[in-house]
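Scroll down for the structure; my scribbles are underneath it.
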Amino acid sequence: MLAPARRRTLQSHPSPDLPTSSGKTTTGFDDGDQNFGGYDADKVFYRKAWRTMTASRVVTRLLGLALASALLFFLLYEPMSVPQAVRMEQKNKDRRDHNNYVHELEVSLDAAGSAGTRIEPFSWKPRAFTIHNFLTEEECDHLVALAEPKLEASEVVTDHKERKSSLSSARTSYGTFLQRYADEIVGRIEEKSMQILRYELHQRYTKHPDTHPREYLRDTDGRQRIATILLYLSDVDEGGETNFPMGKISREYRDEHGEGADQENRECGGSLQAAVKPKKGDALLFFGMDGQNTYEDPYSLHEGCPVLAGSKWSATIWMHQGRFRDMEYSLVSSEVCEDKHKNCEHWAKQGQCEATEAYMKLYCRLSCGICHKCQEGDVLCERKYRFAGAQA
């Protein structure tokens, strides 16, 4: 009986005619055949057995596949030894720290700088960073002393096309510009002019962007402000926050400092959205343009809240897209450091710088080494020779 069973199991098409016990012929796997004698009974039995065996194999294979998948899952993924929510939150935090690059950064300055300077992200909308201990006590007090005798009522830009400014109720502070290299301490702090501001009781600066409208800018004038650095030169008893009405405080900053940044100040538009309280020596860096410096960032809209007690001193430095010279100048320019006579170099070699000092100092400054001619835009050279006393 084995041979017919094997034959029927392997057949996938009608079999050749087979003899039956009655002498008739029948076709293999003909379920309509009612003759169950001889090979016909065996044929029906083995067909049903084959179907039963096939179903068992399918079920067995499905179970095996499921077990293999489960085993592969546990091999590739760590078991959930901690609650999934906790683990996912940790992964999200790691991803945020990785994508944002900066969580808190220690900065080591030179001997003249402030010790313990550190940077932490305040907001990602706009991109804003607080820089703790950016200035020393000496630097803060020195800038205030330089600026105080020169203070005038602050103006705002009222005509971007004509580049005109005027007094406005939107800005009620007093301020002045300190030019680059006004003295050694100013030069040590920055390489461009800075604006010093003083806010007295109830003085403020209403909501505004620091960027200029693009339709009034030329591609080559470098006037667009891409970032702002606010230097806090004094503590403020109450009020005076720098507030971003549309800003969003970073989760890391909120976790570190709690909800304190959202203190209510009714004179600054109600509850503050994202505000930095002035702290002497600290700085706030924020970007007014997107990452490609193409579009203005609407989240960078900001305001100086009214001072409710005490006074507020601050300095503002703007970072421009190009070299912007409207308010800056160099005390060591290539035009000043030059010889005014064609024989100056020859006379200097003959010792005339000492023999006829008065004349040579006036007409042969470059050849006598009284000044140093720096290349255009070489700020390090200008700083070095300005403070070495070589340039009067």
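The backbone N, Cα and C atoms fix where each Cβ goes, and this holds for glycine too.
Database features, via TrEMBL:
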type	residues	note
COMPBIAS	1-10	compositional bias 'Basic residues'
COMPBIAS	11-28	compositional bias 'Polar residues'
DOMAIN	190-321	domain 'Fe2OG dioxygenase'
DOMAIN	337-374	domain 'ShKT'
REGION	1-32	region 'Disordered'
TRANSMEM	58-77	transmembrane segment
Mind looking up the mean pLDDT for the domain 'Fe2OG dioxygenase' (190-321) in the predicted model?
-> 81
Using DSSP, how many residues of the domain 'ShKT' (337-374) fall into helix, strand and coil, respectively?
-> 17 helix, 2 strand, 19 coil
